[in-house]
Amino acid sequence: MTRYVFITGGVVSSLGKGLASAALAALLQARGYRVRLRKLDPYLNVDPGTMSPTQHGEVFVTDDGAETDLDLGHYERFTGLPASRADNVTTGRIYLDIITKERRGDYLGATIQVIPHVTNAIKAFVLDGNDDYDFVLVEIGGTVGDIEGLPFFEAIRQIGQERPRGSVCYLHLTLLPYIPSAGELKTKPTQHSVKELRSIGIQPDILLCRCDRPIPVDERRKLGLFCNVRESAVIEARDVDTIYAVPLSYREAGLDREILAHFQMKPEGEPKLERWQNILERVRNPEGEVTIAIVGKYTGLKDAYKSLTEALTHGGIANNVRVNLEWIEAEVFEREDPAPFLEGLHGILVPGGFGQRGAEGKIRAARYARERNIPYFGICFGMQMAVIEAARSLAGITDANSTEFGETREPVVGLLTEWMRGNELERRAAESDLGGTMRLGAYKATLAEGTKIAQMYGDTEISERHRHRYEVNMAYRECLEAKGLRFSGTSPDGLLPETVEHEGHPWFIGVQFHPELKSRPFEPHPLFKGFIAAAIEQSRLV
């Protein structure tokens, strides 16, 4: 029988429901159970693909091309299980599907209502395709009391009524704030949050309490009494120094044991957490450190680069060093000399992005790395800016630019719906070979033998995830390669450039895809492993 755990949040947002869900899944995996993770997002957007990264954080892209919430990245990194479009749904997607069916006449003239039509659609999503799993963990985005979340809470309430007794658990993540003047943790916000949850028909079975210090026995007893849960079900979720300590912290607090007790399942031995202990040891006790500059466009919200920062951490784990990050807004380099900001650093990473803002700053960062022989890693937009820099500085194409920024005489970078014949832009229809305007999901690529990137992968055939509208123009390949910028990887048909590298440079690589989306703490991505290794070599020179 499949068992369902619904993870809700209260008191404040951004408590870490995604990490809590991922950590619980890791603990259940460590006990040998088959686990699936799913996310319900109450916002009205169909998906986060068009949402501002400075508001919502990064868009996590799955192998099958879904643009999803960043929490799915946590799910993949902690469990090693690939997510798909079937693991994330929004209010916008639910309503779009229902309205499409209504316009088609599928409801045979019925009045379409939130109950039962919207709630039934949510239930169908949650319950679909779970027969092969022991546990399905479902995170509900937002906070209890949000108006847009009500249909989702009603749907999971109904699931609890309709499923066999003992097959559903409601876990509520909440906050116990410490008030210095009173010298104590306050339970009242949690009591009110649970009261709100109970008012819509859901009695939490387990309270997972975020706090920065131990919960006194009296406070734990009070929470159990007034929130109507067992005292043993009040679980301490203490703040930790790294997210990779969370599974072990939850294990110590007894979360996995309480979950099994709720389902009346007898634990068989102890969870196998050796690999988590090894990772934590490497994170907390590195043998050295390097400093990497991230020259980005959305540095005001670090969640905009969540997978990227974690992938850099994984690269550090692989090389047993701590990776320190220097966040630099790309626009700064359009006004100021990059040298004072970048001198003494051990690597420069220019990540993806959209739009003209900060583009020239990223180009200047690429030039600085090339001229000073500093390791450079350009991802998506970062690769495109590196190619434009090479075209201008090495090939003498002074007007080289991207059509993303307007008309240009030298379209070194163009839309996927455009193709170049010489310097002429040929418009491509959406149904032509190059597809639509956004290249999403996993695509295969072929790497040239003997290149630095092929050596790092240990293979010439790879598959990586993409999210971009623009591509480097292959018409410029010959003149750029003559100046030392090698097109080291292409699509299998040879039409689209996937990777470039500067020959003669210690480590200068650009990739059109997003390798950070496939990096795991237990399987660091080879490019991040190689980039940090190059940064270590650079640290010995400065």
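Each position is counted from 1, following the chain as shown.
Cβ from N, Cα, C; glycine included.
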Given Swiss-Prot lists S14, L15, G16, K17, G18, L19, R238, D239, V240 for ATP, the same-site residue among D64, D69, D71:
D71
Which of G353, G441, G494 shares the L-glutamine site with F381, G382, M383, Q384, E404, R469 per Swiss-Prot?
G353
Same-site CTP binder from S13, S21, S52, S393, given that Swiss-Prot records D146, I147, E148, K186, T187, K188, P189, T190, Q191, K222:
S13
By Cβ count within 10 Å, point out the most packed of the binding-site residues listed: P189, G353.
G353
Around the L-glutamine site recorded as G353, F381, G382, M383, Q384, E404, R469, what other same-chain residues have a C-beta within 8 angstroms of the site's C-beta center?
G352, F354, C380, M385, S402, V413, H468, Y470
For M383 (L-glutamine binding site): DSSP state (helix, strand, coil):
helix
Counting other Cβ atoms within 10 Å, pick out the least crowded of the binding-site residues S13, T187, T190, Q191, Q384.
S13
Quick one: of D71, E404, E516, which of the recorded positions has the smallest count of other CB atoms within 10 A?
E404
I need the CA-to-CA distance for I147 (CTP binding site) versus S13 (UTP binding site), whole Å please.
14
